[in-house]
Amino acid sequence: MTIDRYAVIGNPISHSRSPAIHAEFARQTGQQLSYEALLAPLDGFRDAVERFRRAGGRGMNVTVPFKLEAFALTDRCAPRASAAGAVNTLAFGPDGIFGDNTDGAGLIRDIVHNLDRPLERQRVLLLGAGGAARGVLLPLLAARPASLTLANRSVDKAHALAAAFRSHAPDVALDACSFVDLAGRVFDVVINATAASLANEAPQLPPGLYAANALAYDMMYGCGDTPFLAAARSDGATQRADGLGMLVEQAAESFLLWRGVRPDTAAVLAALRRQLDGG
């Protein structure tokens with residue numbers, strides 16, 4: 001029996017939880033496949049993808065720092081990937097390489113489905129204006145919040161990002177500002193798409209951002225609160241979540257694209273959480 005091959009590619013890659021996630025998805029759905037982690041040289045992404053494809057690979061997940069290169073490698077892209085200008089999922093077929101970006105869909109599904117927080121008519125704040133923010137912006141707009149504010153330490157980047165996406169959702173109030181300019185404003189959902197948690201820091205935000213029953217969401221994850229979530233707790237955010245659910249849900253979106261079946265994520269997410277917490 002031929003086993004379909006998949007992989008996640010990045011640099012670094014040894015920390016990736018994707019092989020374990022997809023192995024469980026395959027077991028759960030009865031799919032015959034293998035999934036491995038591939039380390040690509042920083043200057044050798046294209047060659048590594050082509051080698052895997054020529055060897056019979058069916059698809060790949062792409063992580064840092066190669067999502068922009070993956071976008072350039074595709075023959076066709078999903079609209080959400082085109083809008084993001086970045087790809088985290090490749091599917092190889094007879095008509096070439098198809099690219100998708102499942103990050104935003106994973107974020108929305110985690111918030112709306114797992115956390116039971118509808119985004120429609122909510123005041124949403126997205127922190128950051130880099131690749132992580134850009135990758136989730138179109139699905140966030142499609143969720144039809146009342147307003148979506150992009151805040152960044154460099155306000156010019158936030159304004160440029162808002163201008164690039166404003167036409168995608170003319171009925172959503174989309175604005176941009178600096179962190180300092182957030183003073184006096186209140187939000188129902190605050191999403192951290194900055195890399196501050198990687199440096200064990202939190203974005204420097206003015207106090208009083210969180211409405212009653214607000215959600216603070218960090219796209220990073222770890223054991224216990226990230227620095228952003230700890231700061232949000234102190235500032236009154238009553239619901240807090242890290243990005244582990246987003247990781248699992250974006251993987252499920254990739255699996256659905258490749259295999260045509262959506263796996264159940266609840267058990268996988270619970271198992272990963274136990275591992276993170278040392279259980």
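Any Cβ shown, glycine's included, is placed from N, Cα and C.
Owing to the predicted nature of the structure, the values given are computational and were not obtained by experimental measurement.
Annotated in Swiss-Prot:
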- Ser16, Arg17, Ser18, Thr63, Asn88, Asp103, Tyr221: shikimate binding site (BINDING)
- Lys67: active site, proton acceptor (ACT_SITE)
- Gly128, Ala129, Gly130, Gly131, Ala132, Met219, Gly243: NADP(+) binding site (BINDING)
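Distribution of Swiss-Prot features across the structure.
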residue: Arg17; record: shikimate binding site; DSSP (3 states): coil
residue: Asn88; record: shikimate binding site; DSSP (3 states): coil
residue: Asp103; record: shikimate binding site; DSSP (3 states): helix
residue: Gly128; record: NADP(+) binding site; DSSP (3 states): coil
residue: Tyr221; record: shikimate binding site; DSSP (3 states): coil
residue: Gly243; record: NADP(+) binding site; DSSP (3 states): coil
Distance [Cα-Cα, Å, rounded] between Asn88 (shikimate binding site) and Lys67 (active site, proton acceptor):
6
Ranked by how many other Cβ atoms lie within 10 Å of their Cβ, the binding-site residues Ser16, Ser18, Thr63, Asn88 are led by Asn88
Pairwise Cα distance for Tyr221 (shikimate binding site)/the residue listed as 'active site, proton acceptor' [Å, integer]
20
Of Ala129, Gly130, Ala132, Tyr221 (the binding-site residues), the residue whose Cβ has the fewest other Cβ atoms within 10 Å
Gly130
Can you tell me whether DSSP puts Thr63 (shikimate binding site) in helix, strand or coil?
coil
Taking residues Ser16, Arg17, Ser18, Thr63, Asn88, Asp103, Tyr221, which bind shikimate in the record, the widest Cα spacing (Å, whole number):
18
What same-chain residues, at least 6 away in sequence, bring their CB to under 8 Å of the CB of Met219 (NADP(+) binding site)?
Leu107, Ala132, Val136, Ile191, Asn192, Ala193, Gly243, Met246
Residue from Lys67, Ala129, Gly131 whose C-alpha is spatially nearest that of Arg17 (shikimate binding site), among the recorded positions:
Lys67
Among Arg17, Lys67, all listed as recorded positions, which has the most CB atoms within 10 Å of its CB?
Lys67
CA-CA, which of the binding-site residues Gly128, Ala129, Gly130, Gly131 lies nearest Thr63 (shikimate binding site)?
Gly131
The residue listed as 'active site, proton acceptor' sits from Ser18 (shikimate binding site) (Cα to Cα, rounded, in Å) at a distance of 16
In this structure, the one of the binding-site residues Gly128, Gly131, Gly243 whose CB has the fewest other CB atoms within 10 Å is Gly131
Whole-number Å value of the largest CA-CA distance among Gly128, Ala129, Gly130, Gly131, Ala132, Met219, Gly243, listed as NADP(+)-binding:
17
